[in-house]
Every structure is written in structure tokens, then in C-alpha cells.
Amino acid sequence: MRSYISAYFTDEEDLLRASKTLMEKKILILDVLTPLPVHGLDKVLGLKESKLPTVGFIAGAIGTLFAFGFQTWTFVVDYPLFIGGKPHFSIPSFIPITFEVTVLFAAVAMVFAFLFRSKLGLGAKNKIHDERITDDRFVIIIEANENDEHFNNVKAILEQEAAHEIQLKEHK
Amino acid sequence: MNTNYILSKKTKQVFLSISVIGSLLIALSFLLENPDNKQVWMNVLLNNLYFLFLSLFGALFIALHKIAHSGWHVSLKRIPEALSTFLPYSAALMFLLIFGMHDLYHWSHHDLHDPIIKGKSAYLNLPFFFIRMAVYFAGWIGLSYLLRKNSISQDLSDNYKFHKQGRILAALFMAFFAISSSTMTWDWIMSVDPHWYSTLFGWYVFIGLFVSGIAAFILIIALLKSQGYIDFVNKEHLHDLGKYLFGFSIFWMYLWFFQYMLIWYSHIPEETVYFAQRLNGFPILFFAILVLNFVFPFLALMTRNSKRNIKWLAMVAAVVLIGQWLNIYLMLSPGILGETAQIGLIEIGSACLYLGGFLFVVFNALSKKPLLCKNDPFLEESFHYET
């Protein structure tokens, strides 16, 4: 049976320091769960930069082209009307709508990309690891088996770094 | 850590030579191009405004962040404070306009028989113009001097009394600047075309002021860093300044476009004449300004890494500074000189002459006080700041 350590911290400074020590000792951290964004945690864990901005840029560019093209098609090709004596293809009047559609595409695409990558959203069946992580506890999760050398080693480090509580849980 | 800036002889020589080159170009222009009075005064006004804006930005930056309880800017606040020390020189240069009013402002003539200008004469008349000018400079110079003095007094005392006083001064400056920044643009820029008006003009010019100020701020940081100073300014601070430059470039474009679109839509001859003159006479410059001030910084500063790389950021800032100078040029010159105006040696020369003097004043002010302030309650936060 595979199992893991779940170490609880009451303070984000302790969590940061503990993660740093664990990373320095080359101990694999499976996950860190926090109720709020902790500044500097990404850097300590060596996480890769998010690709979400790229999604936003591409979706925004598609939105720009779509809005501009669609307006051009309606106003110039499909149903040309004279409005205020302006030419059919008048760029300034297209720009506000193009801008809004760009923002809409980028924002919506980023939200859905985020939900998709994080396995969240409607119909997601994720179990909350521990209800306290949505309130005031910070958790580090490390792979370990009971009473082997690795477990004792990790436990000693965590205790030294002021872990509030250390539990051993089993993978289900 | 070396926090005392020493204005080396070499740097002084560089600033001096910029001014000397500028003077030579002006002399050459008088020999070759033979500029008339109008063009000479246009250059005085253009550069007065440009460097006044950079220097006003210094005071504005301090006041804005002080009343917003900002922490991140504290370790670099000596640089905007130094920028604001150019204000008295700016005032002296601006009062030179007494001699050039008739060349610059059509409304300043007496025998006009122009009902529109006559209708505006309660505001646009010579005595009131100079009274307003005196009030603006009294307010700006007085409050920015007090803000700088207050920040230096805080260095010497561990009592936070000065910090609290500074917030009151900052609030006063913001209130005064909110009104004067709008009216100064009516006085000095919009009245060049006295028949034309736009209610959005004040904000549009103000955002130009903010963008060019941020760009100048970034360039001064880059210059100081290249000389081995201010190692306490890290990538997080640069990232924030980059975001400012990025965001306010977009906002500048937003205001530019809304001014343009409303005039384009309503199509009233009194209003469209402003853009018609600029689009027909200066088509390349007209669109180049949009590329330099919006398209280029928008694409160049989009990613996170581009804002954290000082060389790249400084390059973008330099482009934006040129773009903003051209922007003021295009606001002034068609109204004063007509559609045949061209950027010649005298424009480049006088910009260089002013630039050398401006840099000397600012860096001289930087060398007078330590680059890092002390005893500010937010200083520690500024060191540990993370975007």
C-alpha cells in the first residue's frame, strides 16, 4: 500500500521555509495546498511559468480578426447601408466592437483553459484533501511509507520547521 | 552599498556635449534654413512643455504613491524627486513666452474682429494668461519643494511625523494638479488653435505626460544601474514600471482614439479641421506617432520577461520618449506654422540643447542627496516587494 505524508502548517512563513529546506534536501514535494496565494512559493518549488497568457494572446488575436472580419462582411458585403454619410468600410466605427470582442475572447478562453487544466468546473469530481486547507491551514504533501528511513528523515525535517501536525495517509 | 551618487566629470561632459551639439545644430539651422520667429518660438514652447511634463511627473509620482499608501516605490523615490527639481527652470523658461506671445498665439492679437475669439476673451486674454501661469508654477514649485524637503527631513528623523505631513502635502498637490493639469493644456496647447476645442484634451495630454515621465524614470534607472548604483532596485520594481509603461501606453491610445472617433462621427467642420490639418499635412508623422506610442510598446512589453529585462525596457522607454516628443510637436506645429511645417535642424538642435540642461539639473540634484532614503515606514516593504 502506497502512502503519503500530509504536513499541516499554521503560518505561510513556516510553509515557505519548510518547502525551501525540503527542496534543498532534494525531497520530492507532491503538492502544496494553501488557502491563499503565497508569494514566492512558485519560485521555491521551481514551478514552470504558466502558459495561460499565451492562451489569452492567441484567443485575443482570433477575437480581433473575427470581430473585424465579421463587421466588414456585414457592413460592406452582405447588407451595405448608408449610415451618417460615412463609407461602408469605415475603420473607426469598427474599432470599439473589435476591442470589446478581443477582450471577451481572451477572457473567456483564459477562464476555460484554466478550468480545463486544473480539472475544475462543472461536473468535476475532485475531493478536497482536508477542509481546513480552505480556511487557515497550509499543507505540504510528500510521498512516504511508514517507518522507513525516508519517512523518518522527512518527519524530522518537518518537525524542525515547525509543522503543526503531521499525518500519514494512504492513497485510495 | 554605495548610495551617494557622484556626478563624474565624464558624465558632466556628456551632458554638456549634448547641449553643445544642440547649439551647433541651431546655429547651422540659422545659416541654412533661416527659420522665422514663429518657428523659433514654437521650438521654445515645444521643449518647455516636454521637459515641464517630465519634471511635473516627478512630483506627481511621489504625491500619487504617497496618498495611495504605496510601499514598492519608496526605495526609488529619490529619482522622481530629482526630476521635480527642474520645475523652477521650467518656470523661468516658460515666462520667456512674454516675448513670443504674438508669434505663437493668434488670439493674443488685439485687432482681430473675430467673433469666436472675442467670445472666449474672458478666459483667453494676456493678463489672465500670465496670472494663471504664475499660479500654476507657484503651486507646483511650492508643493514639490515641500514634498522633497519633507522626504529629506524624514531621513534625519525616526519620528513618523514627517511621513504623515507628507501625505497632507501629497493630497494638496493632487487636488491642485487635477485642475491645473487640465487648464494648462487649454492655455498652452489647445489655444494654439483658438477656434477648436475638445473636452477630452486635458486628460489626453495628461496621460501623455504620465507615459513620458515613466519612460524617463526607467531610462534614469537604467543609466544609474549601468554606472553601478542603486542595486537595491531589483527586477520586481522594473516589472512594475514596465507595467505602468505598458498600461498607460494603452490608455493613451484609448483617449487618443476616443477624441478622434467622436470628432469623426459627428463630422462638424469646426471640430474636424483639427484632424484634417494634421492628417493632410503630416500623414506619415500622424501614423508614426500611433506606432511609436502604442503599437510598439504594446507588442514589445506584452510578456513578463520583457518587463523584467532592463535593457529591453530602456529601449522601449526611449522609443516612447521620442514618440511623445513627436506627439507634442504635432499638437503645436500645424496650429502655429501651418501644414507646411517640417522637422528640421532647429527642432533637433533645440531638443538636444534642452535635454543636456535637463539631464544636468536632474543628475546634479541626484548627487546632492543619498540615492536611498532612510526611516521611511514603507522602506522595508519596498526591499521585499514582489509583483
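Using N, Cα and C of the backbone, Cβ positions are placed for all residues, glycine too.
All annotation found in TrEMBL is predicted automatically rather than curated by experts.
Taken from TrEMBL, the feature transmembrane segment applies to B:14-32 (among others). Away from its own ends, the transmembrane segment (B:14-32) comes close to residues 344-346, 348-357, 359-360, 363 of its chain (Cβ-Cβ under 8 Å, at least six residues beyond either end).
What TrEMBL records for B:44-65 (among others) is transmembrane segment.
The feature transmembrane segment is assigned by TrEMBL to B:86-107 (among others).
Sequence-distant neighbours of the transmembrane segment (B:127-147) (same chain, 6+ residues past either end, Cβ-Cβ under 8 Å): 56, 58-59, 62-63, 66, 81, 84, 87-88, 90-91, 94-95, 97-98, 101, 108, 166, 169-170, 172-173, 176-177, 180, 183-184, 187. Feature annotation from TrEMBL assigns transmembrane segment to B:127-147 (among others).
What TrEMBL records for B:168-189 (among others) is transmembrane segment.
Sequence-distant neighbours of the transmembrane segment (B:201-224) (same chain, 6+ residues past either end, Cβ-Cβ under 8 Å): 5, 50, 53-54, 56-58, 60-61, 76, 79-80, 83, 181-183, 185-186, 189-190, 230, 233, 238, 241-242, 244-245, 248-249, 251-252, 255-256, 259, 293, 310-311, 313-314, 316-318, 320-321, 324-325, 327-328, 331, 362, 366, 371. Marked as transmembrane segment by TrEMBL: B:201-224 (among others).
According to TrEMBL, the transmembrane segment annotation covers B:244-262 (among others). Counting residues 6+ beyond its ends, the transmembrane segment (B:244-262) has Cβ neighbours under 8 Å at 198, 200-201, 203-204, 207-208, 210-211, 214-215, 218, 275, 290, 293-294, 297-298, 301-302, 307, 313, 316-317, 320 in the same chain.
Away from its own ends, the transmembrane segment (B:282-300) comes close to residues 211, 245-246, 249-250, 252-253, 256, 306, 312, 316, 319-320, 322-324, 326-327, 329-330, 334, 339, 343 of its chain (Cβ-Cβ under 8 Å, at least six residues beyond either end). The transmembrane segment annotation in TrEMBL covers B:282-300 (among others).
If you look up TrEMBL, you'll see B:312-332 (among others) marked as transmembrane segment.
Residues 5, 7, 11-12, 15-26, 28-30, 32-33, 35, 39-40, 43-44, 46-47, 50-51, 54-55, 78-79, 81-83, 85-86, 89, 220, 224, 325, 329 of the same chain lie 6 or more positions beyond the ends of the transmembrane segment (B:344-366) yet place their CB under 8 Å from a CB of it. Summarising the annotation, TrEMBL assigns transmembrane segment to B:344-366 (among others).
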